[in-house]
Structure formats: C-alpha cells, structure tokens
Amino acid sequence: MKKNKFTEIIESICSPDLAEDWDNCGYQVNTEFQDVERILVALEVTDEVIEEAIETESDMIVTHHPLIFGGLNSVDNEDTTGRYINRLIRAGISVYSCHTSFDKMEGGNNDYLGQVLELNNIEPFDNGNDFCRKAVTPFEVTFAEFIHRAAEALEINEKFFNACGDLTRTIYSVGWCTGSGVEFIEDAVDEGCDLYITGDLKYHDAQKAKAMDICVLDAGHYGTEKIFVDNMATILSRKTNCELIKSKIDINPFIC
C-alpha cells in the first residue's frame, strides 16, 4: 500500500480534527520510503519498540502517544527523542500517532475500555465532554469486587492500582477517562457516577474525590491505555491489506 493511501485511511478512521489544540497527532517521523506493507501497533515509541519494529521488518509504527510532544528544538542523538528519531530514519520506519483524537472518537480508547470491562449502555457524558464515557454495571458489584474484575479484564496486577472510597459500596454507575483524566472527577459526580476510573491520580485529587463521595479507581495511565494496541490493530485490519503486528513489549515503567 502506498503511504498516501495509508494516510487517507487512518485519517478517515481517526480524524485529526478531533485532536486537542495542544496535541501532536499525525506523522511524527515520515521517511522517504513510500510503501507501507507491515504495521507495528504500539502504545508509544521506546528503544525496545523500535527494535521490535526492526526485527519484524515493519515500515510503519502506529502509536497512541506522540513521539514528539511539547516542542522539539533539534534532533540530537544525545537526547532520548532525538536518538529515537535517528534510529527510525536509519531503519526507514515511519511513525504515525493518534492521541487525543483516538481518545475522543467513537470506538476509540474510551468506548473500548467500557467494552473490555463488560459494562452496559456505554455513552458520552451529558455535559459535552468528548473524552469521558459512562455506563452501568451488568450486575450488582461492590467496589472491591469491581477492582478485582478490572485487574483481570485489563490483565494488570492490582499492585499497580490505587483506589479511594468505600470498598463495600455497591457500584451501579461508572464513569471513566483513559490515561490522565483526574480533572474530570467533578464531571463524573455531576453525571451521578458511583465510580470514576482514570490514571495519574494524585493525593489531593483523592482527597477531593473522598469529599465529593465518589469512589475512584486509578488503574494507571498505562493500565487504561494499553488497550490501544488491540483496538487499533483490529480497526486497521478491517481497513487495510497490510500485515498488522501487535507490539509485545511491556512498556509500563513502574515495577510496583
């Protein structure tokens, strides 16, 4: 497949217009090579992911997290991002990222998380928040039981979770935002959620949630977004004739 055709397809799947103004979706590295035959799907670019792309002879990496974020003044091999870019160009591998656009789109990260957790009646928040989703539990479940089920569904050890709230509370309504969505806790309260799921919860966020009487599960930035790989690979397999490879690299930087 020609690269311009791939670009047309992926932008029809995940429109760049959905991206936040501060975000950097689209091509992070666009090499001179114009054919796309084998695509590696990964959460983000690391040295290990680049090595995996080289070993699998992939000519394109599709990621969720942008490789270039927050500005880049120079491509310096002494800098981590610069080293990645140099390695990718030498190997002839392009990188395309779908970040906030994929978080917000129908069928993207947030819709898919609800499916993975086997929740019912998944829908956006009523207030127009494009990131968050809400749903109801399919059966009566306590917060403690929900945590255990979420760990199993996401294939994440519970030691990586943080939780605040009453573990014996029955959970009926669940709201969530994959990645880092602590700023939407109050929105979840207004939506009538018993539980809010996200990542990157801080101490004062937890205290605020406790005061607002909502349970919060911090399933981790990685834990709530690792699902991107399966979801994007499945979507691309329906739209392209390229070979799709799901990254097997565990990029979670935390060990406990």
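Each residue, glycine too, has its Cβ placed from N, Cα and C.
Automatic prediction, not curation, is the source of TrEMBL annotations.
Under a cutoff of 8 A between CB atoms, and with a sequence separation of 6+ in the same chain, the neighbours of His64 (divalent metal cation 2 binding site) are Leu43, Glu44, Ser97, Cys98, His99, Phe102, Asn109, Glu225, Phe228, Met232. Secondary structure at His64 (divalent metal cation 2 binding site), as computed by DSSP, is coil. For His64, the entry in TrEMBL reads divalent metal cation 2 binding site.
Neighbours of Glu225 (divalent metal cation 1 binding site), defined as other CB atoms within 10 A of its CB across all chains, total 23. Sequence annotations record features per position, and here TrEMBL assigns divalent metal cation 1 binding site to His65, Asp103, His221, Glu225.
Listed in chain order, the residues near the divalent metal cation 1 site other than His65, Asp103, His221, Glu225 are Leu43, His64, His99, Asn109, Thr178, Gly179, Ser180, Gly199, Tyr222, Thr224, Phe228, each with its Cβ within 8 Å of the site Cβ centroid.
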